[in-house]
């Protein structure tokens, strides 16, 4: 630890802490992109953990180890030395692999870190299952299972499973993320889902645990009765089909793991050659019953497209065999992912890859054209040339983009040669002049075009941009929802019955809280209903008085008393004479509520304004004024520019500047703190109203009012502009309105 932190043995805690902070900043994985930064950061943290603890540091200085059991007293140490002076003990006799530095290094290549787990292991779990062990220092049970773990890890890794080891002492975040609260803990990871191992740690149980992680429908059992239907499903699945012939009664784990890894590309079947009912199948394909045989079938089910035989099927052999046969000879483009794999984007002039696409339909009408195209593809397929087909009615946008919706192709097959230029959908292509009928003449024309394409890439003269292909084989939403629900229920069931209470506590807490609230609400409602039947309903007059009393009490803190002291509302006009006293030098805590009106709307708006604010006239901190829009429009426009979030006013005056109707707007001005709140008029026809929210300035209202004279609306429509102004005043006194600050008050000319 001294060497890791770069300090001496006599360094103080302050020096150690300073060195740790410097190195931690330098080697933190989020800032240092060096591949070994994470391991270096762990070493730095471990070294600081030892040296920052006086007891661990003393143990390390005395015995070269920070372990707690090493820290026995000096007296015991001296007694031990005196005891063994006449005896010789081999140091290896007392060697225990507690500390990670002394443990078997076979786990080092499997060590996982949090970022590595999230970015690589979880995505890779969709291709193979992982068996993960969580361990730590000073773990006796970890030592006990070590031989079994080492044997099973080597065996499963050779079969294609993933292995991982998490050291809880160094990777506490990852251990907590996995839900491991004790060591040792064994768990499985597949498709991003974690499953805990709860049985005895023996070889058979661990193998069975990994096998149970895999879906049950990966491999289909094949006999003489169903092999024809299985191999004929290539049209529906759009996949080659693989048959493994072996003399084992159960499907080998190696084959199941392979089927899981290639399940998106291939369908797998297993034939137990020692079983009655497989004789016809074995003789049909001339199978050697003593040697495991793997066959892959594509468009022709009477003969395999490729075969491999070996006395011992190894993972590498199977991977090489299957990776060369992942697609049909003329695969159907059923998704964008398949299109990108079969027709990759051109990377350079030397790596050009072209696709020959047959646009066809379903049914016997198009069978002859398809068979002719398939025969041509088998004879001419190369690494740089792929043959595919598309059902035009299932991919209409793709077909229309390349065939230009020409009449000569309607109801007939067509062939297009294309090259993908980029991932954005740009394609260079050339279509055959006439529809594809599969005749010899069509074959000669297509072959001649392909020969010209080798020497003249400019032959693909047309370009277009196509949208992503539809995913024809994607499951329906209800099916996906059903399977997701089943997975969630199985997770809860597994957690509930395997004592994983720490993970279940949030769910149980939420469940019991919901039940408590539900039953509590029912009980309270029952008692309230019974009391309502016994009580006499109050009269409307009493109820109104009670509501008024409640409202008055709720706002007593804001304005001391809102009981009107006069029988009228005093509203003064804001002019250049009283502008300074009524706004600029307004006392702290006081606000001036200003109504915007015009000469034509003055009388009805003032009447409605007085009715809406009458209940607030008892507050000594509120003053009420009105501003003439005809005289001071520029002053108002300047103020509204600071309310851009609520009132998107154009930066430049447009031709409708003088027609914009601001009558009915109300501004609450705080002269001391230099801010204002904005009330927008209520729009007729808006039943819900806006409660005068100053957050939503509706610029569309100006468009509605353009061209209309301010005197054209009736008295009722003008008064409706101030509808629900009283609610806005309530929010003003609560302090819940948005405030728009300005640097200084403009002059009122």
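Cβ coordinates are placed from backbone N, Cα and C, and glycine is handled just like the others.
Predicted automatically and left uncurated, TrEMBL annotations should be read as such.
Look at TrEMBL and you will find 531-552 (among others) tagged as compositional bias 'Basic and acidic residues'.
For 697-707 (among others), the entry in TrEMBL reads compositional bias 'Basic and acidic residues'.
Taken from TrEMBL, the feature compositional bias 'Low complexity' applies to 708-717.
DSSP places the residues of the domain 'J' (1-64) in helix, strand and coil in these numbers: 44 helix, 0 strand, 20 coil. Under the heading domain 'J', TrEMBL lists 1-64.
Marked as domain 'Thioredoxin' by TrEMBL: 89-215.
The feature region 'Disordered' is assigned by TrEMBL to 529-560 (among others).
Per TrEMBL, the feature region 'Disordered' maps to 697-717 (among others).
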Per-residue pLDDT averaged over the domain 'J' (1-64) comes to what? 85
Summarise the domain 'Thioredoxin' (89-215) by DSSP state, stating how many residues are helix, strand and coil. 59 helix, 23 strand, 45 coil
